[in-house]
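Asks: Below is the structure I would like to discuss, written out as structure tokens.
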Amino acid sequence: MNSGQANLIRQQSTESQPNRFVMHRLLKFALKCLLVCFQVNLPEDDLNPLIDYNTYELLCEKGDVRNFRKLFLPVFYALAFTIGVAGNSLVVAIYAYCKKPKTKTDVYIMHLAIADLLLLFTLPFWAANAVQGWELGNPMCKLTSSLYTMNFSSSMLFLACISVDRYRATSESQGHRRVGKHCSVTCLCVWLAAIFLSIPELIFNQVKKHNESNECLPIFPMNMETLLKSTIQILEIILEFLLPFLVMLICYSATARAIFRSANVKKSRPFKVLLAVVATFIVTQLPYNIVKLWRAIDIIYMLVTDCQASKTMDVALQVTKSIALFHACLNPLLYAFLGASFKMHIMKIAKNYGYWRRQRQNGRPEEISMNYEDPTEETISFTI
């Protein structure tokens, strides 16, 4: 390399430093705003010069973390896959064959079930990855990772949409809540936001040889690793947790006040439904996002300087992420099956199935129509 090329490289590096510095300060400002919400205090110094064990894993042997993952994730994912696919498939089947979505809530619940199904269909791949590594190549690594993030994000955002529609249901007539263009635009925006959050997986995830097995991991450029990792973590915390949680809290609080001000004598059941929805969201999502926030703090400030603490964080991330994922199994129960309309359709399906089996045993099989929707029926898929 001659002196002219060296000077050019130094000049480019010097020009990029102010931009990188500005981005770093903006990122730290966003992080401090999050810390105010979680009431976390940090040391005054900007950066800890000690070792980041998450980046330099060769200095911290994490064999016990990998062994825990091999045992825990396949069992938990198999349970979540079985329960979640059964419940969400039933929701989609009822909307497809029994009742046409009539209100915005119906549409949001159907999209929520589809997002949860697509999310759950990625679990067998991650269970296999935990046991024997990733054997499906780079394209499937990118696709599966992006599908997981996209559908997890869209699921959280559709929960916020449902809460807004439930709030509007207390102040608007049934006619104003019918499916229209605004509902389609909202669903499109949710999916676009979810796709946006999944772009980093499409770009950076790849198969890498790690501890004698292939792993599907995000591999960032060395000069932007801290910036990209922390930015992605903070965006996910804001869009997947803080935004839906604040929307749900505000809307369901207003809905609860409207319920208690109404003349309806039976106020306890709808209030319990709202309480169950919010409590389930907090219990399943808050631990995961606390760990993610701590991981983002560690990426920027390098606070975790002990190998055992780094391994504890890795295990905590796996456990809390699995708990957050289990929300996809609870959504059908919380949003669909609590409604009288859905329970009625499930009972009709069960009765028709029993009738069909008896007819078949008697040698007189008959085709039974599943489309028994009452045209005058009002939707009560999520009763409040």
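A Cβ is built for glycine as well, from the same backbone N, Cα and C atoms used for every other residue.
Please treat TrEMBL annotations as automatic predictions, because they have not gone through curation.
From TrEMBL, for reference:
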DOMAIN    87-335  domain 'G-protein coupled receptors family 1 profile'
TRANSMEM  21-42  transmembrane segment
TRANSMEM  75-96  transmembrane segment
TRANSMEM  108-127  transmembrane segment
TRANSMEM  147-164  transmembrane segment
TRANSMEM  185-204  transmembrane segment
TRANSMEM  232-252  transmembrane segment
TRANSMEM  273-291  transmembrane segment
TRANSMEM  323-342  transmembrane segment
Asks: Under 8 Å between C-beta atoms and at least six residues away from its ends: which parts of the chain pack against the transmembrane segment (75-96)?
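Replies: Contacts with the transmembrane segment (75-96): 106, 109-110, 113-114, 116-117, 120-121, 123-124, 126-127, 322, 325-326, 328-329, 331-333, 336-337, 342, 345-346, 349.
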Asks: Can you name the far-off residues of the same chain, 6+ from the ends of the transmembrane segment (232-252), with a Cβ under 8 Å from a Cβ of it?
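Replies: Non-local partners: 27, 30-31, 34, 37, 149, 152-153, 156-157, 159-160, 163-164, 166-167, 193, 197, 200, 274, 277-278, 281-282, 285-286, 288-289, 292-293, 295-296, 299.
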Asks: Can you work out the mean pLDDT of the predicted model over the domain 'G-protein coupled receptors family 1 profile' (87-335)?
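Replies: Mean model confidence (pLDDT) across the domain 'G-protein coupled receptors family 1 profile' (87-335) is 88.
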